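So that you can see what the record holds, here are the features copied from Swiss-Prot:
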type	residues	note
COMPBIAS	75-93	compositional bias 'Polar residues'
DOMAIN	154-253	domain 'SH2'
DOMAIN	548-818	domain 'Ras-GEF'
MOD_RES	ALA2	N-acetylalanine
MOD_RES	SER32	phosphoserine
MOD_RES	SER78	phosphoserine
MOD_RES	SER83	phosphoserine
MOD_RES	SER182	phosphoserine
MOD_RES	SER290	phosphoserine
MOD_RES	LYS334	N6-methyllysine
MOD_RES	SER358	phosphoserine
MOD_RES	SER363	phosphoserine
MOD_RES	SER375	phosphoserine
MOD_RES	ARG442	omega-N-methylarginine
MOD_RES	SER471	phosphoserine
REGION	31-93	region 'Disordered'
REGION	744-748	region 'Mediates the interaction with BCAR1/p130CAS'
SITE	ARG748	site 'Required for interaction with NEDD9'
Amino acid sequence: MAAGKFASLPRNMPVNHQFPLASSMDLLSSKSPLTEHRPDAYQDVSIHGTLPRKKKGPPPIRSCDDFSHMGTLPHSKSPQQNSPVTQDSIQESPWQDRHCETFTFRDPHLLDPTLEYVKFSKERHIMDRTPEKLKKELEEELLLSSEDLRSHAWYHGRIPRQVSENLVQRDGDFLVRDSLSSPGNFVLTCQWKNLAQHFKINRTVLRLSEAYSRVQYQFEMESFDSIPGLVRCYVGNRRPISQQSGAIIFQPINRTVPLRCLEERYGISPGQAREGSLTEGRPDVTKRLSLTMGGVQAREQNLPRGNLLRNKEKSGSQPACLDHMQDRRALSLKAHQSESYLPIGCKLPPQSSGVDTSPCPNSPVFRTGSEPALSPAVVRRVSSDARAGEALRGSDSQLCPKPPPKPCKVPFLKAPSSPSAWLNSEANYCELNPAFATGCGRGAKLPLCAQGSPTELLTAKQNGALGPRNSGINYLILDDDDRERPWEPAAAQTEKGQWDKGEFVAPLLETVSSFRPNDFKSKFLPPENKPLETAMLKRAKELFTNNDPKVIAQHILSMDCRVARILEVSEEMRRNMGVSSGLELITLPHGHQLRLDIIERHSTMAIGIAVYILGCTGTLEDRAATLSKVIQVAVELKDSMGDLYSFSALMKALEMPQITRLEKTWTALRHQYTQTAILYEKQLKPFSKILHEGRESTCVPPNNVSVPLLMPLVTLMERQAVTFEGTDMWEKNDQSCEIMLNHLATARLMAEATDSYRMNAERILAGFQPDEEMNEICKTEFQMRLLWGSKGAQVNQAERYEKFNQILTALSRKLEPPPVKQAEL
């Protein structure tokens, strides 16, 4: 760009001082007249690239002009000195001693008009775009997804702290920007009570498993999955950002240019966060170009690789735009005709007291030309100091990906443990006290804030110390040790032995089933019994046949409410569960044992009904009558009791392949109990299908349900692996994924409506007096002892179900043998 300005100039010519080139570039408004010099004292004009090379001798003494951050217009001028001053942009002052070839350090605050012109030309190229293009680019950003932070005009990206304070002028004004002191985090800047305030948005990483994690954002109270959601809540509800400040936001300050323009205008890239924060409090400090080693290293490290605009500007031997850095590790560059010599060694400046330094000798190795280095090392920055003795990358080599850094043989320069300077400017935020849940992590034992990574969190956890508050990222991890550690509910009890409801009590992790068949005392069963004893089967059949279907349904509902912990839940049981109902407990991780018990009762009841149909009948008419009685009980459970859990168990028994294959039995049912058969085909089967597809909300009034459908949820949560064998019918549907989401959504509603289910069950069972014998055969322990015996009831679930499935198949084939195929002739 700048080379085109000088293309018409010859290499050897005296420059006319009456029309200086600097004035044509509108860089300097006014300067003192130049001191008269001989024409032969001027050096040749260098047009190699865009930056002139430093000549021999001491640097000229110039006046220090402070420019704005744009680098185009002067802010203020210091008094001029009468020493020789360079005014032309490409003209060099003559040196009196031409034999001096020593490297000198340049003061970063001394301005070089030539270097300022390079930055001026770049920013003029950036900003000289038509408003229509900028408006179109801004509209494209605002049309992104609402969850994308860039789609909100109140997000201003990487703007300095001082600029954000100037944008908020009235109480309630706010904007969101990137944190320059903590890259990757965000800051909300607002004005309240005529004072600009900055609130760092706390970022929490929830690690649900080794492969999945979720990020949440919060100020003090509620956490959100996205920053737009957080802002919408605080703006819409006029909620104070913090209790201490009471700041309320309601008026967003919108940006008028794309984020790219803001980034290029203020010259702050993601890697420049900490360096940029040093000068944010001083807007009058010029961000000027510098050929210092520190500037090169900082720009090399912090230049974003994905910025195509900046990469495009670097071509040939033109170096990248080098911004000013605070550390003054400078090294002048030697110039020889058109070749550039880049020294690899560096010289460390004098360190402040208290810092242990080790001198690094200069390396005599140089790289010539503008070819990329063969093995350029990445310059790394540790704290506020840098390593020495690493190669300086060329301008063209920056276009290529950086290779992994080589080990540095120079010892690190460790700064004292006192707070850094940048903490006093950018990292000062208003105090927030996030309300993290201490129940799962037990508060002080598990640190919620860790700076850097989860590894530091675990280290802090072992040391028993909390991490620093200003890290901005919180990791919540629940490891195996925390899960397996026995809970201590007694710690939450008062001295009088009473539970304080205002204090959190860690729930009890149950590991033993509530069903204990061997400890069950029965009027019908001896202490030890064999599976399927004939006398016990006949007694159970008599009770089932002689009672009304509604009475049987009431006994089943009463027992279901106890097993699911809907009714008869004591205070101690609530304290151990951590919730008030078992319907909510089955949705929580520590409800594992209750889910297993629910699966056990459901499967045992279905198998018991199948045995009642197949093994307790003699003639075809008896089987048809038994089938009719089961259907009537299912109707009562559905309509009168609202017990969808046991209703699904009875329907599972009726739809077993060992039952559906009994064609003669179903034919006799249609002939002798026609109304019951029609009721089963037209109402019960379609309703069961709707339930298992997650569409019960469309056909079941909520005020009529006492026990909801539980099996799809507990089956999904307890299934160890995805298998195609043993899956339910709804899982083989083409819409199985949508059905699964319906069941999960229903589970959330079920956990919220536990009080409604409890009141419905109490209303339905009001005045119910259970029969002792009928109540006993409805218990799960009795059914387990009856089906598997006293010894078989202790065997694994899967093994018991598999063997009994074979028994049912044998009974079904005995009652109605399969048709014999004719022998092939």
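From the backbone N, Cα and C atoms, a Cβ is placed for every residue, glycine too.
Below 8 angstroms of C-beta separation, residues 587, 694, 696-697, 708-709, 713, 716 of the same chain, each at least six residues beyond the ends of the region 'Mediates the interaction with BCAR1/p130CAS' (744-748), sit close to that stretch. With respect to their backbone Cα atoms, SER182 (phosphoserine) and ARG748 (site 'Required for interaction with NEDD9') stand 37 Å from each other. Cβ neighbour density within 10 Å is lowest for ARG748 among the recorded positions SER182, ARG748. Counting residue by residue with DSSP, the domain 'SH2' (154-253) contains 17 helix, 36 strand, 47 coil. The predicted model assigns the domain 'Ras-GEF' (548-818) a mean pLDDT of 89.
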